[in-house]
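Scroll down for the structure; my scribbles are underneath it.
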Amino acid sequence: MYADFIAGWAAGGAGLLVGHPLDTVKARLQTMNIYKGIVDCMVKTMKQESVYGLYKGMFVPFLSTGALHSLLFAGYGAGLKFLHPGDSNVMARKDLPMSDILIASICGTLAQVGPVIPVELLKTKLQVQRENVGHFSKHSQNLYAGPMECARETVRTEGIRGLFKGGSVVFFRDNIGYLFYIPVYEGLSRYFRTHNLENTYTQLFAGGCAGVSGWISVCPLEVVKNRMQADKSHKTISPKQMALKIYREEGLRSFYRGGWAISLRGFVVNAVIFVVYENTYAFFD
């Protein structure tokens with residue numbers, strides 16, 4: 001299981017480096033109505049806040065993303081090891097029943113979903129800040145200078161529970177999204193393998209498709225989650241109330257705002273994640 005843990009850490013870190021700017025764009029498109037699309041959001045963000053604006057909220061994920069992916073893949077590996085005690089190496093995993101892949105995916109999801117909630121909350125709050133705030137400059141009382149101040153202010157105004165706002169949405173989002181994630185990757189990998197097409201390029205493609213399928217399946221939940229976590233009113237609002245509010249004010253299409261950004265990010269990030277994971281796992285196994 002230690003190989004899954006190490007490989008997951010390396011894969012999570014690699015995915016974060018290539019995908020955070022698009023994650024910021026996705027969060028802004030889903031919480032603000034001032035952008036025309038991906039390019040408009042990126043251009044305006046860099047023009048108003050420099051390239052740093054695209055990397056807002058990265059510090060907390062930088063410290064935690066490796067650990068969270070380690071928990072995901074370690075839980076996945078533990079599930080497979082429990083179901084198949086003698087088949088822990090990378091080659092033995094390639095032809096396990098897809099039902100077992102699904103069960104192991106659920107194990108991985110449950111292992112990481114608790115810690116991911118406060119990380120997502122801090123990241124989202126920082127990403128949706130549009131004003132140009134330098135690390136060492138005086139800033140408005142309505143802004144956070146960094147993740148520690150964001151966490152302190154959240155706890156001060158909302159209590160510890162404030163760090164877990166939107167937690168129920170994250171729980172359902174991850175449990176649904178990860179049902180597509182690893183199984184789609186494994187399914188495509190098996191297809192390419194049976195046609196003698198298994199190589200780095202097909203790994204990248206399978207990982208990218210896994211990411212897109214996982215994220216598109218939960219895009220409405222991601223919109224609701226981001227709106228709840230970005231809300232500064234400190235009012236208690238349930239996911240159902242937020243969903244109805246979005247629908248009444250903006251219509252059904254708003255639940256897929258940022259869909260192109262989430263798809264593009266999902267493909268790029270997870271193409272990298274699975275290639276790094278597979279190679280790191282094979283090295284340490």
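Each residue's number is its place along the chain shown, starting with 1.
Cβ coordinates come from backbone N, Cα and C, glycine included.
Taken from TrEMBL, the feature repeat 'Solcar' covers 2-82, 99-191, 198-283. TrEMBL lists 54-76, 101-122, 255-277 with the feature transmembrane segment.
Looking only at the repeat 'Solcar' (99-191), the predicted model's pLDDT averages out at 85. Tertiary proximity for the transmembrane segment (101-122) is limited to same-chain residues at least six positions away from its ends with a CB under 8 Å from its CB atoms, namely 57, 60-61, 64-65, 67-69, 71-80, 83, 147, 150-151, 154, 163-167, 170-171, 174-175, 178-179, 181-183, 186, 225, 229.
Mapped onto DSSP classes, the repeat 'Solcar' (99-191) shows 71 helix, 0 strand, 22 coil.
Each residue of the repeat 'Solcar' (2-82) gets a DSSP state, and the totals for helix, strand and coil are 71 helix, 0 strand, 10 coil. Taking H, G and I as helix, E and B as strand and the rest as coil, DSSP gives the repeat 'Solcar' (198-283) the counts 71 helix, 0 strand, 15 coil.
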